[in-house]
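Trainee: Quick paste of what TrEMBL says about this protein:
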type	residues	note
COMPBIAS	31-44	compositional bias 'Low complexity'
DOMAIN	155-291	domain 'Peptidase S54 rhomboid'
REGION	1-67	region 'Disordered'
TRANSMEM	82-104	transmembrane segment
TRANSMEM	164-185	transmembrane segment
TRANSMEM	197-215	transmembrane segment
TRANSMEM	221-242	transmembrane segment
TRANSMEM	249-268	transmembrane segment
TRANSMEM	274-292	transmembrane segment
TRANSMEM	322-344	transmembrane segment
Amino acid sequence: MGMDSRIEIKVTNPKKVDNVVHPVGQGHATSASSPPQPSASSPPTDGRGRQQQQALEEGLRHSRGRGRQGRGLIDYMPFKNWVPWLIPGFVIANVVVFLISMFINNCPKNSSSCVGRFLGRFSFQPMKENPLLGPSADTLEKMGALDVIKVVHKHQAWRLISCIWLHAGVFHILANMLSLLFIGIRLEQEFGFVRIGLLYLFAGFGGSLMSALFIQAGISVGASGALFGLLGSMLSELITNWTIYANKLAALLTLIFIVVINLAVGLLPHVDNFAHIGGFISGFLLGFVFLIRPQFGYISKKHIPTGYIVTSNKPKHKPYQYILWLVSMILLVLGFTFGLILLFRGVNLNDQCSWCHYMSCVPTKLWSCKSQQAYCESIEYQNQLNLTCISNGKSSIYNLSGESTSQVQQLCTKLCSR
């Protein structure tokens with residue numbers, strides 16, 4: 001879907017009422033049986049006019065080459081090619097926030113088994129606690145991770161947005177930012193920073209909302225909901241602008257394959273697939289709202305060079321595009337509204353749906369989908385014996401100075417079996 005130049009030429013097989021482009025000459029008309037030729041009054045051939053004229057003549061030659069020598073039928077669509085800056089800005093913002101979270105985390109202050117201690121306060125939590133090479137759950141919670149208890153009971157709804165700027169570790173942020181660059185830059189080039197920026201934020205919000213309605217234990221962070229929103233918008237953009245694409249079926253099947261593979265990865269444990277699904281659905285509906293394109297015939301009337309006449313009277317959009325826009329807008333407003341109402345009432349949708357938890361994790365012999373993960377680690381630090389208990393993504397530190405080894409083991413077993 002990317003564009004390599006400022007002007008994009010689309011050649012299709014129009015119907016009889018589609019654009020017929022005639023170069024206007026002085027004192028004569030172009031017959032239907034002869035190919036149009038520019039006359040003395042043709043548009044100037046310098047600058048943009050020359051580029052447009054060459055594009056039109058190219059389209060006419062292509063049309064004649066396909067057996068339509070008597071018609072010069074083309075569709076001409078000069079979509080603007082935007083310079084992407086917002087998506088790279090989002091990537092930089094995510095990296096900066098991650099560095100800030102690592103600075104605040106300051107692992108050496110709380111643990112003697114940090115990974116990469118040479119990094120100082122930027123070193124990572126122990127691999128047992130965070131295998132993604134990142135900060136502790138407590139730090140992420142302080143930074144604005146999605147914690148349903150705080151969203152519902154302390155009215156911290158801002159966490160539904162702040163969590164999409166946080167990442168659990170180096171591997172997490174690396175995967176998400178590479179995907180964001182790969183997908184987001186192409187979309188911003190085609191549709192501009194305003195539409196793609198709004199789509200990213202709303203899709204991220206939709207992913208967080210669905211995650212909060214189904215996963216209410218522990219915390220959740222990451223931009224994957226917003227990323228799946230961009231994927232969903234690509235699919236709806238292909239559908240709503242169906243007539244302007246060549247190789248439609250191949251593009252559709254390829255995109256569906258990519259989406260299915262990514263959603264399948266979310267069935268693994270410790271992956272918040274509800275955020276993926278919520279972001280994808282939100283982005284899919286938002287694509288019908290933000291990424292709608294005008295018809296070629298409408299655009300051609302505005303951008304045809306001087307001296308050419310386009311015999312087309314098409315409306316700006318097709319009827320089905322208006323229908324999809326309206327239905328999607330209604331579904332988005334209703335979905336976000338009822339979702340927030342259910343969330344602030346403390347509703348857990350897993351109680352209403354006995355099988356929905358399988359959409360986020362499918363248990364097998366190789367792994368378990370139990371959300372409660374706990375371990376205890378006793379550390380002697382600064383001449384004090386501390387017991388760190390990690391349970392449900394949260395860590396607690398207990399000072400055990402003066403306690404015997406057996407008492408420490410008993411306390412560890414008791415705390416981590418809760």
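Quick reminder: no glycine exception, Cβ is built from N, Cα and C everywhere.
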Trainee: Would you mind splitting the domain 'Peptidase S54 rhomboid' (155-291) into helix, strand and coil residue counts from DSSP?
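Mentor: For that range the per-state counts are 107 helix, 1 strand, 29 coil.
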Trainee: Go through the chain and flag residues at least 6 beyond the ends of the transmembrane segment (164-185) whose CB is under 8 A from any CB in it; none is fine as an answer.
Mentor: 84, 87-88, 90-91, 93-95, 97-98, 101, 124, 130-135, 140, 143-145, 196, 200, 204-205, 207-208, 221-227, 230-231, 234
Trainee: Given the transmembrane segment (221-242), which of the listed stretches 82-104, 197-215, 249-268, 274-292, 322-344 has the most Cβ pairs that are under 8 Å apart from it?
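Mentor: The listed stretch sharing the most Cβ pairs with the transmembrane segment (221-242) is 274-292.
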Trainee: Might you confirm whether the transmembrane segment (82-104) is in contact with the transmembrane segment (274-292), defined here as three or more C-beta pairs under 8 A between residues 6 or more apart in sequence?
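Mentor: No, these stretches are not in contact.
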Trainee: By Cβ distance under 8 Å, which residues at least 6 away from the ends of the transmembrane segment (322-344) in the same chain are close to it?
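Mentor: Counting only partners 6 or more residues beyond its ends, the transmembrane segment (322-344) has Cβ contacts under 8 Å with 148, 151-152, 155, 157, 202, 205-206, 209-210, 212-213, 236, 239-240, 281-282, 285-286, 288-289, 292.
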Trainee: Averaged over the domain 'Peptidase S54 rhomboid' (155-291), what pLDDT does the prediction give?
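Mentor: Averaged over the domain 'Peptidase S54 rhomboid' (155-291), the predicted model reaches a pLDDT of 92.
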